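Take this structure, written in structure tokens, and hold onto it; I'll ask about it next.
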Amino acid sequence: LSMCSKLCYAIGGAPNQVAGSAASFFLQIYLLDIAHITPFHASLVLFIGKASGAVTDPVAGFFISKSRWTKIGRLMPWVLACTPFTIVSYFFMWYLPPFVSGRVAWYLTFHCLFQALTTLFQVPYSALTMFLSTDQKDRDSATAYRMTMEVLGTLIGAALQGQIVASAHVSPHCTVNPSLNTTDSWHDTPSIPDPSDPLSHQVIYMIAAGVIASVYLLGIVVLFLGVKERDDPYALNSDRAIPFCKGLALTMKHGPYVKLTASFLLISTAVQLEQGNFVLFCTHAAGLRNHFQYLVVTILVSAVVSVPFWQKFLQKFGKKCAACGISWMIPFAVMLVTIPNLILAYFVAFISGLSIAASLLLPWSMLPDVVDNFRLQNPHGKGHETIFYSSYVFFTKMSAGIGLGISAAGLEFTGYKPGICRQSDDVILTLKLLIGAVPAILILLGLFILLFYPITEESRKETKLALEELR
């Protein structure tokens, strides 16, 4: 693979991450403090939206596996077709409708549409890795390019959204020193900008949505012009595609895949909890209301610059060994929860970025090895790649949706009130648990399961030689 092809492939996946990052960091606080829907309804929007994306994964895998080869490939038409609809659904997901009673249904509809459409993009796009090259090093390199660009896209999305909408969450009323003002009225001062302001929160969020939605067009053009999809190089003319249901049953019985998926669905849930609650934690629990956008940028800059480091690390020491880096965020996140200091917060943000980069790169680097292992055990079937990728994304999205739904419901239970400067002690304690203890437990459980992942560097080399012989 040429560097240009790998770079174009990587750029194609960035827009999805730009939009997903903005939603991960800011959608929950937008629903609570701008749209003024209750935490319970926000939890429904977040969970059902993620669940709709998760349910779409096997459906997308089924129809994509039935697709015929075209002049531009089998996967590329799906990527091109869903992009315009994704842009429209993303824009309206941040639009504040003039009516109040139907807002929950509005956000639920467009969040579900956005999650489902991004799935129709992500499944064929991620499976495209297997059709770029037959060489494992080429695919690993393309995955590293992709992860670097996707983390950069995550950075761009969070930075753009954070810088544009920061004024919607900062109010001079909330900068009062609480020790000098102990009346209850201070606690109930709204932190929402005046709607009469021409640059009110609704206009600000629509501007941010328009800017991020436009990034999709650039990414899809680069992907289409710079990447050539190749047909399955190992398939014989007599081979037939594995039926979707049979293929799904086979993947669920494939030991390496089950262990990899179980491990990273726990780890990805922990990362989603960190992303979904970080801005709320900084705003309401750590006294860092004026710094949250810079802390988010610090996390993502750290993640971007560390992806090449992790790629070199896993090449030298192995992929399972590189997984230890995911645990680095645990002690520092616990320190931030117990000692909410500004300098410590930036240090924690930097370390978290290193861990997030490892958690993003490793599963997508290990999944092609699992697919190759499956191919070796089932040499006369084809079309199983989309089944692996769609079912993997299904499990990770479903677990993340459950985690975010439970966290938002926890805020409802503890009495979160939108639009006030200071939340109750119960809400603050809940936010600390969602940032510190819960992700730590999930990451440790995920790493424990990964210890039993059977594919080693030696077995990867053996699989590569066997597949070359098969070809």
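Heads up, the Cβ atoms here are built off N, Cα and C, so glycines get one too.
The feature transmembrane segment is assigned by TrEMBL to 75-96, 108-131, 151-170, 203-227, 262-286, 292-310, 322-339, 345-367, 387-411, 431-455.
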Counting only pairs 6 or more apart in sequence, are there at least 3 Cβ pairs under 8 Å between the transmembrane segment (431-455) and the transmembrane segment (75-96)?
no
Can you see whether the transmembrane segment (345-367) and the transmembrane segment (75-96) are touching - at least 3 CB pairs under 8 angstroms, only pairs 6 or more apart in sequence?
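Taking Cβ pairs at least 6 residues apart, the transmembrane segment (75-96) and the transmembrane segment (345-367) are not in contact, as fewer than 3 fall under 8 Å.
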Mind checking which residues of the chain, 6+ beyond the ends of the transmembrane segment (75-96), have their Cβ under 8 Å from one of its Cβ atoms?
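Sequence-remote neighbours of the transmembrane segment (75-96) are 12, 19, 23, 27, 30, 34-35, 60, 64, 67, 106-107, 110-111, 113-114, 117-118, 120-121, 123-125, 127-128, 131, 201-202, 205-206, 208-210, 212-214, 216-217, 220, 223-224, 227, 229, 386.
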Report the listed stretch (108-131, 203-227, 262-286, 322-339, 387-411) having the maximum count of Cβ pairs within less than 8 Å of the transmembrane segment (292-310).
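The stretch with the most close Cβ contacts to the transmembrane segment (292-310) is 262-286.
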With the transmembrane segment (262-286) as the reference, which stretch in 108-131, 203-227, 322-339, 387-411 has the largest tally of C-beta pairs below 8 Å?
387-411
What parts of the chain pack near the transmembrane segment (108-131), using Cβ distances under 8 Å and only residues at least 6 beyond its ends?
9, 12-13, 16, 19-20, 23, 27, 44-46, 48-50, 52-54, 56-57, 60-61, 64, 73, 75-76, 78-79, 81-83, 85-86, 89-90, 92-93, 95, 139, 142-143, 146, 223, 227, 229-232, 364, 368, 371, 385-386, 388-390, 393, 397
Using Cβ atoms and a strict cutoff of less than 8 Å, what residues sit near the transmembrane segment (387-411) while being 6 or more residues removed from its termini?
28, 32, 39-40, 42-44, 46-51, 53-55, 57-58, 60-61, 64-65, 115, 119, 122-123, 126-127, 242, 244, 247-248, 251-252, 257, 260-261, 264-266, 268-270, 272-273, 276-277, 280, 363, 367, 370-371, 374, 427, 430-431, 434, 438
